[in-house]
């Protein structure tokens, strides 16, 4: 059963979770400490968002390294894999644990390449000139960062082609390579389509229909006796799931631009928020969250997704409202809006967990 990824997801988002009161004395005594840590995170975010620091606020090297690592962002590797795997389990009862964890490692390596090369090419254009948590700025070497990015991509390719040999389904490798191509044209010269405001459509396609469907097809099975592959059919369930995953992933990218508008405009990076401004952008976030849950309901009514997905997905509504309210309140405050993308990461991870759990439960006759 593909619940391993569901168990891993909280590890990526728990550091950002707001403190919640508990009944125990220990929890009460820990509350001031939690609030102090939360305040430090906001202050660090403010410093990074303003691009300053100077003598007023100096981020520790440990904080910079944590922010450069972008660990919560690796949920974009975990969620498409887990949802795609859960869709295969829902359809045919297939789950290959070794293949799942191998693909997880490969996906993390590809996302590492994406993050590192993004820092490299943004340093070339000057977009990250004042970004203290840029890996290039921390390491002090563009060449070393580029080398690490290339090694990560090469190792990631090794894992992907191993999984392809295991599954024997050419659709998997074609779709996953198309997803990686989207990442390349998003940021790498001579394309740099993110500078033309096309980052969000590429993100939706790469992590939604392409990656999620690819990981679904990775669960095809090769018969050792006949040397043929038992291929999974493209189902309405995986199509619906991939659209929802694409939406939540794109929301992360969109909200990451709020605090970068001035810097992006200065180097000619015409992100959607540079074009439309933060007020309209905040409205679009509200529309996107509303669309997410409207589609979830529609997919349930049309039986594209089982009722268990709808029930569990609906439990994330408070978090969706949290994102909307936070962005509406702080869209024009660079010292606070920086955190919006991390709240979107939480929504992405928890919504993905809900989808995957619902698909697994439906296979076992629970809320089916």
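Heads up, the Cβ atoms here are built off N, Cα and C, so glycines get one too.
Annotations in TrEMBL come from automatic prediction, not curation.
From the options 260-279, 280-299, 300-319, the stretch TrEMBL describes as transmembrane segment is 280-299. Looking at 32-48, 49-65, 100-116, the stretch flagged in TrEMBL as transmembrane segment turns out to be 100-116.
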